[in-house]
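Engineer: Take a look at this one; I'll ask things after.
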Amino acid sequence: MDITTEQLSAGMQYQLQIYFAGTQNVKPQLPVSFEELEQKASEVMKPEAFAYIAGSAGSEITTYNNKEAFNHWQIIPRMMGDVSQRSIVIELFGMQLPTPVLLAPVGVLSIAHPEAEVAVARAAKNLRVPQIVSTVSSKTIEEIGSVHGDHPHWFQLYWGRNNDFTRSIINRAEKAGYTAIVVTLDTRLFAWRERDIKNAYLPFLYNEGLANYFTDPVFLAEVGDPARNKMETMMHFANCFSNPSSTWNDLAVIRECTKLPVIVKGIQHANDAKKSIDHGADGIIVSNHGGRQLDGAIGAIDTLAGICDEVSDKTTILFDSGIRRGADVFKAMALGAKAVLVGRPYAYGLALAGEQGVKEVIANLLADVDLTMGLAGCNSWKDVTRDKLHHRN
Ligand SMILES: Cc1cc2nc3c(=O)[nH]c(=O)nc-3n(C[C@H](O)[C@H](O)[C@H](O)COP(=O)(O)O)c2cc1C
Ligand SMILES: O=C(O)C(=O)c1ccccc1
């Protein structure tokens, strides 16, 4: 049933559509709340795969802090403005996008669903939401890129010691139509993740997430047949994956390989944001990797305001880590983000119902974003300003 009666708000139309679709069994009924979605995913996934996705570093307090920190910021709604003509469109790197949401790079998605990033790409294209594809994707960047065609898709680089591999994979991403390079800085050391240690589970030891390495001419020229000597292959992977000795000056290597916008991911301090700009980055993603890297860290949203105060006039700032609902998106945008990324929610949608599951999870979030904007008394992101928030000490 398609309800388009003009008198109904978009939110009401959406709710009615979901209600009628649900009663007619038209689409899978995934839980609407993140907490129930996560619970349901835990019931259907292989335990070690679920633990990998849900888990975080150490005591997992950073992930707790990510969630809790959103409560430090409270929305102050305004009444009786005309909010019937709302728009959640944004402009990002010269591109008009219908919503402020992007799909965060999440590697090894075949542990959630056999169609992995390809199913995510179909859902993203359908929703007109950009996908950021990880270096450790389960499908090749070419296969995923071909689903997108002209629809925006960005490539996330894991940047190791092997500059020839870095140049090769960026070159492949450019050829496959990716329009920005996201360089993740917070994973130069792979974190202490207790659930995975307990399960003795690291996906790449089972060849999950190595599709791009095993199809890369530089990697293959160095390794030969990846199946020949597993230990040697893993050492080459580790060398291409990370480099804990790299410093800001090394960003020049990436800056020199591409004319695409370079966006650094994992910034938590204003001085690091400034360094990124000084070393040629076109944008930053304020993020703590969803709490998966440093245990005991500050909730990511609590670092956003200070970073925006220092550099929002000099660069484009995106945010992730803990976005679950419309109010979270509103708060990040009010603090100064130009867009947000979502990670685990769509991975659970994928695990539960493939492409359709990703679509449903993100469509729900977007409906919630639109309603939150209207209920707060705003018509567009220009109205979503710091003074709409109260900071609770
Ligand atoms: C299973 C999993 C795999 C991830 N893989 C990557 C990755 O390959 N590259 C990357 O930059 N970030 C990766 N991330 C981090 C996300 O991009 C993002 O920062 C994080 O999930 C955001 O937090 P959220 O899950 O609370 O939304 C991964 C996150 C998860 C949960
Ligand atoms: O698990 C992660 O957070 C992540 O970024 C990653 C890194 C290497 C392989 C798979 C995922």
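Placement of Cβ uses the backbone N, Cα and C atoms for every residue, glycine included.
So TrEMBL says this about it:
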type     : residues                                                                  : note
ACT_SITE : His289                                                                    : active site, proton acceptor
BINDING  : Tyr52, Arg193, His289, Arg292                                             : glyoxylate binding site
BINDING  : 105-107, Ser134, Gln156, Tyr158, Thr184, Lys265, Ser287, 320-324, 343-344 : FMN binding site
DOMAIN   : 26-393                                                                    : domain 'FMN hydroxy acid dehydrogenase'
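Help me picture these features in the structure, burial and contacts included.
Structural biologist: Using a 10 Å Cβ-Cβ cutoff, His289 (active site, proton acceptor) registers 24 neighbours.
Listed in sequence order, Gly55, Ser56, Ala57, Gly58, Arg292 are the same-chain residues at least 6 apart in sequence whose CB falls under 8 Å from the CB of Arg193 (glyoxylate binding site).
Following the DSSP three-state reduction, the secondary structure of Ser287 (FMN binding site) is coil.
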Engineer: Which binding-site residues out of Tyr52, Gly107, Arg292 lie by ligand 2, going by a Cβ under 6 Å?
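Structural biologist: Cβ < 6 Å from ligand 2, in sequence order: Gly107, Arg292.
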Engineer: Please list, in sequence order, the residues in the chain of Ser321 (FMN binding site) that are at least six apart in sequence and whose C-beta is under 8 Å away from its C-beta.
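Structural biologist: Result: Asn66, Ser287, Asn288, His289, Gly290, Gly291, Ala300, Ile301, Gly343.
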Engineer: What's the number of neighbouring CB atoms sitting within 10 A of the CB on Gly107 (FMN binding site)?
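Structural biologist: By my count, 24.
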Engineer: At a 10 A cut-off on CB-CB distances, which of the binding-site residues Pro105, Gly343 has the highest count?
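Structural biologist: It comes out as Pro105.
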